[in-house]
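Novice: Before we start, here is the structure in question, set down as C-alpha cells.
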Amino acid sequence: MMQRPPPEDFLLKETNPHLGGGKVTGDKLTSTYDLVEQMQYLYVRVVKARDLPGKDATGSCDPYVEVKLGNYKGTTRHFEKKSNPEWNQVFAFSKDRIQSSVLEVTVKDKDFVKDDFMGRVLFDMNEIPKRVPPDSPLAPQWYRLDDKKGVKLKGELMLAVWMGTQADEAFPEAWHSDAATVSGTDGLANIRSKVYLSPKLWYLRVNVIEAQDLQPTDKGRYPEVFVKAILGNQALRTRISQNRTINPMWNEDLMFVAAEPFEEPLILNVEDRVAPNKDETLGRCAIPLQYVDRRLDHKPINSKWFNLEKHVVLEGEKKKELKFASRIHMRICLEGGYHVLDESTHYSSDLRPTAKVLWKQSIGVLELGVLNAQGLMPMKTKDGRGTTDAYCVAKYGQKWVRTRTIIDSFTPKWNEQYTWEVFDPCTVVTIGVFDNCHLHGDKGAGTKDSRIGKVRIRLSTLETDRVYTHSYPLLVLHQNGVKKMGEIHLAVRFTCSSLLNMMHMYTHPLLPKMHYIHPLTVSQLDSLRHQATQIVSIRLSRAEPPLRKEVVEYMLDVGSHMWSMRRSKANFFRIMGVLSGLIAVGKWFDQICNWKNPITTVLIHILFIILVMYPELILPTIFLYLFLIGVWYYRWRPRHPPHMDTRLSHADSAHPDELDEEFDTFPTSRPGDIVRMRYDRLRSIAGRIQTVVGDLATQGERLQSLLSWRDPRATALFVLFCLVAAIVLYVTPFQVVALLTGFYVLRHPRFRHKLPSVPLNFFRRLPAKTDCML
C-alpha cells in the first residue's frame, strides 16, 4: 500500500548556516565551538570594591553595583553595612542589541527612599579588548570611582571587561541582557544552561530462601507466611510459603532498582496472613545497601542469615525491642552486569552495564550544536499577548544538557554546543524543546513546563565525520490532531575514533551478557523500567535548577506503551510494509507460473535447470544477487537523518475520538457511555484478532494430526504416501526429482485447472481441536 508523502511543511530541510564564525584557525574555539554560529557578547565581571565611603547616619553603606549599557541594566545583590563587599558576578550583553557607545558601571547605596550614587566607572565600547578561548581569562583591575562630572572619589571597584563569544567560560553563569525581565535568584537559576547527570542505577536482587523459628501469635494454626520487601517507594512480596510451618521456604527472587548514593535501606517484613485482609508482622530487618555485595557476572554469591526484630508496643510506653531467635536466610546482591533500562528500548541512548569495570572503550564522539528555532507557537499569554520562553534539553547516555532560556521569542537563538562520548553506534540522541513556566521561581505551584516538540536522531544512520545541518519540524500530537509547533535548527557530527572498533560493535549483543545468561521476564523489565524512570525524574527534579519531572518523562517516552488505536493501525501497516516485499515476490512468481510473460518464464526455466544441475551455484548466486542490489541502491542512499513521519504514524488521519482515547488518563476519566462505546470497539477488534489466532492454531493442529491417528483414514493415507515417497526418492536421483517438481510448478496454464490441488484438499480435511472448544 503506497502512502502519500507528508506535507512539505512537515519535512526535514537541509540548511547552510555560518558555523564557527566562518573562519578556520588552529585555536580551541573552532575545535570545540565549530558547530554553532558565533554570538558576540560584552562581558563585565564585577569582582569586589574597597574603601567605599559611608552614606547613612551610622557611617556605613549597603552597596550594590549597577551595570548599564543603553537600555539594558543589570544589578548585583546588595550587602548591608559593608564597605569592602565581594560580588564576583558576571554580566553578558548581546552585541546584536548594543546601541550605546559607553558602558556605565555604577556603585550605589541601597536606601528605602532612593538609592544613593556612590561613584561610577565609564568604558568606551571601542576600546574594550577581545578575548578568544583558550586565551587565559582577563585579569580584573582596580578602577577608581568617579562622580558624575568625572572627578575622582574615594573608593575603588575591581572589574574585568572584555568582548567574547558564547564559548567563554563565564557564559553559562552570567546574567544575560536578554533575560533582563527575569527577577530573583530562583528565576535566574531557572533560565541558565546546565549539564546534569542521571544517577547511577543498579538492579538489586533479593533472593528470599527461607526463615527459621518464627513465632506466630496463634500457635494453634498453620501460619501462611510471606515476605514483603520495601525499597523507597517500591514494594514487592513473595508468594505464601507452601510449607505452612514456623520454618517456611520460598527460594524466590525479588528485583528492585536502586540509585547511588543509596539513601534508603532495604526493609524486609515477614508477615503471616491471619485473615483475608489482615496480616500480622512476625519480624522485620533493615539492610543498608552500602554493605550489600556487588556482582559482575552470573556466579552466585554467598547467602547470609539475618536476624529479625520484633517491635511490641506496650500501653503508655515507647516501642520496645523484644529479642527473639527468628531469622531469615537470603542472598542479596547489587547486579553490576545488567544495564538498567530507564528509556524505551527502541530509543535507548546507552546500553552499557552498571559496573564501570565492564565498560568497553568509547568508539567516538557525538557533537551537537543547538543553533536556533523558527516559527514557534505562542505557548502562554502574558499581558494580553502570546509569548514563548523556549529552552532545549538533549539527552544521550547519562548526560542531560539544558540550554539557557531565551525570553519572549518565537525565533530563539541558542547557539550552544555539547559533546558526548559514544560507546555504541546503535543508540539515539533525543532533543526536546520546552516552554519555561518558572521564570519567577516556583511561585506558580502546580505549573508545568509545556512541551513544544521533540527530535530523535539515531547515530547509526549518520555518516562519520560529516556535519549534518538541518531544520527539523517540531511535530506534536494533540487531542485535535497533529500540529507543527515550529522548527529547530541543529548541527550534528558523529566522529569515529576507531572504525575497526565500531565495526566490531555490530557483532556484539545489544545488551550486556547478563541479560541473556540470566534474563529478566517481560513483566519484570516493564516494572523495573517504570521504577527507574521514576527515580531518574525525582533525582533530576531535585537538582538546582531542577530538570522538571514532566520534562524528564517526555524525554524518556513515559506512557508510550499505553493503548492507542492510532499506533496500533500504524504498527499493522508497518508489518504490511515489511511483508509487501514477500507479497510482491509471490505475485511475480505467480505471473511466471501463469506464463504472463513467456520470455521471462523461459529464462527462469533455464536458470532453474542450471541451478539444479550445478547446486553448488545456488548460495553464491543468492549472495551475489544481494550484493548487486546493495551496490545498486547505494546511489539512492538516504542523505538526511530520519525524522518524525506523520504519515507513518497515522497521526494525520486519526479520528478525533481515537485521539481523545489516546490522551485519556489511566484509569479512564471519561463518561460511562464513551467508555462503553470504546470497550465495544476494542471487543470487535479483539474478536477479529481472536479469529486470526484461532485460524493459525487450526493450521498447526492439522499439521500435528497428520501422524496422530485422530483421523485414522487420513493418517493411514499419509503414512502410506511417506513410505512410497521414501522408496521413490531413494531410487531416483535428486536432480531428476528437483527438475520434475520445478517443471510441474512452472507448467503452462493449459495444463492447470482452477480447482485446489490434491495436497491442499487433503490438508484442509484434516481434523483440528476446534471441535473440542466450548
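Each Cβ is built from the backbone N, Cα and C atoms, and glycine gets one as well.
Quick paste of what TrEMBL says about this protein:
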type: COMPBIAS; residues: 1-16; note: compositional bias 'Basic and acidic residues'
type: DOMAIN; residues: 23-143; note: domain 'C2'
type: DOMAIN; residues: 185-306; note: domain 'C2'
type: DOMAIN; residues: 347-472; note: domain 'C2'
type: REGION; residues: 1-24; note: region 'Disordered'
type: TRANSMEM; residues: 617-634; note: transmembrane segment
type: TRANSMEM; residues: 716-746; note: transmembrane segment
Novice: Per DSSP, what is the helix/strand/coil residue tally across the domain 'C2' (23-143)?
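Specialist: For the domain 'C2' (23-143), the helix, strand and coil counts are 11 helix, 52 strand, 58 coil.
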Novice: Mean pLDDT for the domain 'C2' (347-472), as a whole number?
Specialist: 91
Novice: With DSSP as the yardstick, break the domain 'C2' (185-306) down into helix, strand and coil residue counts.
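Specialist: Within the domain 'C2' (185-306) the tally stands at 8 helix, 64 strand, 50 coil.
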